[in-house]
Amino acid sequence: MKSIIDVKNLSFRYKENQNYYDVKDITFHVKRGEWLSIVGHNGSGKSTTVRLIDGLLEAESGEIVIDGQRLTEENVWNIRRQIGMVFQNPDNQFVGATVEDDVAFGLENQGLSRQEMKKRVEEALALVGMLDFKKREPARLSGGQKQRVAIAGVVALRPAILILDEATSMLDPEGRRELIGTVKGIRKDYDMTVISITHDLEEVAMSDRVLVMKKGEIESTSSPRELFSRNDLDQIGLDDPFANQLKKSLSQNGYDLPENYLTESELEDKLWELL
């Protein structure tokens with residue numbers, strides 16, 4: 001499958017006189033339609049990397065190619081039209097007095113008719129389950145509802161790439177599951193490429209590949225299953241998945257379980273076989 005993002009030998013530091021790089025000579029790609037999770041400890045370079053991809057920061061060296069176009073100062077605004085970002089705190093993204101005004105805001109500079117704008121706003125809000133709240137003030141929404149509205153604002157723009165920068169980190173477990181389910185549906189309906197920066201295991205499990213960053217460099221790239229089989233997850237800012245913890249406990253008590261990582265549903269099926 002063709003890559004929609006190619007990052008080659010990318011380096012960046014926030015201050016020219018600092019003796020270390022925040023992102024150091026990284027190279028990776030993202031396939032069209034893929035869900036890539038980026039994980040690692042705070043300060044490992046995750047958020048800096050996606051801000052470089054979106055053109056919010058300018059690299060010191062290396063190149064970024066988005067859908068065949070090399071990112072430059074001249075085309076950064078055109079390339080940004082292909083990318084939508086949702087951040088950790090949705091309050092920083094709200095500009096409209098109502099939910100529907102906020103979702104419509106980004107469409108106003110696209111030369112769309114009022115009818116098309118209204119259609120896109122309602123489709124996006126329906127997709128994230130927030131159509132009934134379109135007249136509500138954003139400040140009166142819960143954290144999970146605010147994040148869904150923020151995603152609706154991005155989806156209405158029809159970007160090819162959706163970047164979630166720790167978008168689920170401030171939500172409770174139920175809110176996280178709902179938001180991850182929403183993103184899963186959007187990806188399927190719009191064939192969207194997703195990059196998520198996260199510490200959430202459920203979010204990582206939904207992805208096709210996982211890129212681990214450490215001290216500004218790429219430590220490894222693997223499938224979620226391969227990642228969860230590692231014994232050093234705490235060293236890269238992740239907890240051991242519950243299914244892994246349970247499997248280890250059961251194995252210690254005499255249950256013959258396979259060595260490879262099992263999802264919770266796979267573990268449940270295996271236990272039924274053993275009982």
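Placement of Cβ uses the backbone N, Cα and C atoms for every residue, glycine included.
Straight from Swiss-Prot, the features:
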type    : residues                               : note
BINDING : G40, H41, N42, G43, S44, G45, K46, S47 : ATP binding site
DOMAIN  : 5-240                                  : domain 'ABC transporter'
Per-residue Cβ crowding (10 Å cut-off), top of binding-site residues G40, G43: G40
Surrounding CB atoms that lie within 10 Å of the CB of K46 (ATP binding site), all protein chains: 27
Other residues, Cβ within 8 Å of G40, H41, N42, G43, S44, G45, K46, S47 Cβ centroid (ATP site): T48, M213, G237
Surrounding CB atoms that lie within 10 Å of the CB of N42 (ATP binding site), all protein chains: 9
Which of S44, S47, all binding-site residues, has a Cβ with the fewest other Cβ atoms inside 10 Å: S47
Neighbourhood of H41 (ATP binding site), C-beta criterion under 8 angstroms, separation at least six: K214, I236, G237
Surrounding CB atoms that lie within 10 Å of the CB of G45 (ATP binding site), all protein chains: 24
